[in-house]
Amino acid sequence: MVLIRVLANLLVLQLSYAQMSSELVVGGGECNRNRHRSLALLYNSSGTLCGGTLIHEEWVLSAAHCDMENMKIYLGLHNLSLPNKDQQKREPRETHFCLPSRNYTLWDKDIMLIKLNRPVNNSPHIAPISLPSNPPRLRSVCHIMGWGAITSPNETYPDVPHCANINILRYSVCRAAFGRLPAQSRTLCAGILRGGIDTCLGDSGGPLICNGQIQGIVSWGAEVCAKPHAPGLYTKVSDYTDWIQSIIAGNTTATCPP
């Protein structure tokens, strides 16, 4: 069984930070509060929680399966119980998907582009990250981060985002771990073969960052996170760069790659 890495109906998030709960990366440590400036938190009052990435002053990138009603988007957030002075809250003005029905598969088109209701201002804790110029190289060291579970299968949830490093692996490694994968897909296989480090529940939609560019979007993985020889699957952003840039430029009829 595979696990879509979004947390739903597990917690009711309140507008008061002191009452909010959170989720994070297994095997990582607390992120430096000054080094996740593009990281966004997506949530609603019914308990759906995801990550996202600021790629433009008006645009956030996330996973299609993170679409939710009454979405709120926070940027510049670190400790859920102790808000930063420069953090900003936004709502979606538009959402764009590769498929009109908002469908996706476990290996294709799990991507959502969100236009914010108003631009964000750059600050010490908020700044967009670059889209990829090329796909990441095999064995590249990349960064994962988010408010996702830090233990699995018995999940625990701290108040701060966790960060960790993982490697880009051969796609065949994920095919061996998850037999349902096709021979080719628009996803990246990334993780640590020995296990112990992984994205998990609540990290969906968050970034896989390689060399200062967003190369992947947290999509799905094993039901128990951080198992040996069971890496995570990430939407391959470089395959969608033209679509993303066209939408941002105002071409809302742009189509995704087949």
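Cβ from N, Cα, C; glycine included.
When N121, N251 are compared with the annotations in Swiss-Prot, the one labelled N-linked glycosylation site turns out to be N251.
The recorded disulfide partner of C50, taken from Swiss-Prot and restricted to C31, C66, is C66. For the pair formed by N103 (N-linked glycosylation site) and H65 (active site, charge relay system), distance between Cα atoms is given as 8 Å, rounded to the nearest Å. Among the recorded positions N44, C142, N154, C189, N251, no residue is found with its Cα located within 10 Å of the Cα of C66 (disulfide bond).
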